[in-house]
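Here is the structure we will look at.
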C-alpha cells in the first residue's frame, strides 16, 4: 500500500520484516516524485534509532523519477512477545532548487516555520513469521502424494498394506500428522504407532503418584535412620556396662593384693 502525496509517493506505508533471530533483515522503501520539481527527502527514525540502519537516509529525487531507500533491521537476540512492534519512521519531503545534490541537504530545508513546503508521511513497522523454504514445501508435498495415494487405495480395497507405512517412513514425513481420518488409521493397522499425550487429569494423577512414592521413600529413610540411632545407643550402653564391670574386678584384685602384701610384711 502506497501513500500518494503532492510531492512524493511512499511505498509501502508499513515496513514488514520477516523476523529471524541473529540475522539482519532489509526492507526496500520506494519514493516516487510525480511532480515537475526537484524534491529532497529525509527518512527519520522516530523510535529505536540504534535498531535500524537507513541507506540513504536523505537524498534528492529528480522530477518524474524515483529512488529506493533500504531500511535494515539489525540482528536481534530476543523475540518480542507475539511479534508486536511499535517502531515508527517519518519520511519528510520538500521542494528544492534544481541541481541540488544530496550532500547539500540540511535539516533547515524540512522546517515548516521557515516557509518551506514540507510533507510528512508516517511509516509503521511490522514483524512477520519467516516464510517456509520452498524446498521443504516441495518435499512435504511430494511426501503427501507418495503416502496418501497408496493408503487411500488400501482403504478402498478394504485391506491393510504395511508397505505404505514403510514408504512414509522412507520419505521422512510425520505419518501421525498426515493420517488423520479413522479409515486411514484402520488401514495402517498395528504397524502405526500413535503417540497419545496424557490429559491434564492423567498428568495430575501421575504427579500425585510420584509425590506419594517420594514421600514413602523419605519416611523409609527416616525410619532406618532412627533404627541406626537406637542400635548405636544400645552399643554405647553395653560398652559402658562392660567398662564398669572391668573397673570393679580390677579394684577387687588390687584390694586382695594389698591384703596379701600386708600379711607378708607383718609376718
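Using the three backbone atoms N, Cα and C, a Cβ is placed for every residue, glycine included.
Not measured: the values here are computed from a predicted model.
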Here TrEMBL annotates coiled coil, and of 162-203, 204-245 the range meant is 204-245
Apart from its near flanks, which chain residues at least 6 from the ends of the transmembrane segment (246-265) lie with a Cβ under 8 angstroms of it?
none
